[in-house]
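Colleague: Structure provided below as structure tokens; questions to follow.
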């Protein structure tokens with residue numbers, strides 16, 4: 001665990017959701033707290049990169065430190081700001097809106113980091129639209145080329161990753177990458193968790 005630091009990005013505008021996604025509760029737990037608790041089970045230190053640390057100070061966030069983000073400039077710049085504080089070889093990068101994230105999957109991925117080829121700067125899930133940059137692992141040495149890309153005006157994770165070697169992370173199930181971006185997404189995830197909750201008494205027909 002000492003060789004892994006986690007960065008959680010909580011700097012999005014949440015415009016499609018209409019409220020701060022990080023504070024939306026699923027099964028009574030704010031999403032940011034849920035993601036950070038999982039990150040803390042895999043990493044010694046968890047950095048939360050956000051322009052609004054005061055919004056989240058009341059949450060239960062073990063082993064977490066805030067990195068104030070200079071405005072909402074997008075996830076790539078937020079990652080670069082967090083990466084500047086990292087001392088470990090590997091960093092786990094997570095978005096704050098992953099309600100189906102599973103700790104055992106991240107721990108298994110982390111346990112296999114030693115087998116990632118030396119030339120790879122990251123190991124990430126891959127899907128039809130490209131890499132999933134906000135749920136995976138990066139080597140700290142990706143910082144110089146990342147900063148160069150940003151200084152040249154780059155803001156896209158996908159465009160940056162095209163220029164580097166990245167190893168594919170095997171997904172046990174694609175649903176762990178589910179993002180809670182809209183009220184419809186929230187309704188879906190809350191409905192699924194409600195279905196999993198035990199019902200102490202059967203519902204009467206016609207009630």
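Each residue, glycine too, has its Cβ placed from N, Cα and C.
Annotations per Swiss-Prot:
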type	residues	note
BINDING	9, 10, 11, 21, 97	GTP binding site
BINDING	97	Mg(2+) binding site
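Are these features on the surface or tucked inside, and what are their neighbours?
Modeller: A C-beta separation below 8 Å, combined with a sequence spacing of at least six in one chain, links residue 9 (GTP binding site) to 49, 50, 75, 78, 79, 82, 93, 94, 95, 96, 134. In three-state terms derived from DSSP, residue 9 (GTP binding site) belongs to an extended strand segment.
The Cβ of residue 97 (GTP binding site) has 25 other Cβ atoms within 10 Å, all protein chains considered.
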Colleague: Give the sequence-ordered list of residues that share a chain with residue 11 (GTP binding site), lie 6 or more positions from it, and have CB atoms under 8 Å from its CB.
Modeller: 49, 50, 51, 69, 72, 73, 75, 78
Colleague: Tally every other Cβ atom lying within 10 Å of the Cβ atom of residue 21 (GTP binding site).
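Modeller: Cβ-Cβ neighbours of residue 21 (GTP binding site) within 10 Å number 25.
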Colleague: Are there any residues at least 6 positions away along the chain from residue 10 (GTP binding site) with a Cβ closer than 8 Å to its Cβ? List them or say none.
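Modeller: Once residues fewer than 6 apart are set aside, residue 10 (GTP binding site) is near 22, 32, 48, 49, 50, 52, 56, 96.
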Colleague: Tell me the coarse DSSP state (helix, strand, coil) of residue 21 (GTP binding site).
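Modeller: For residue 21 (GTP binding site) - judged by DSSP and reduced to three states - the answer is helix.
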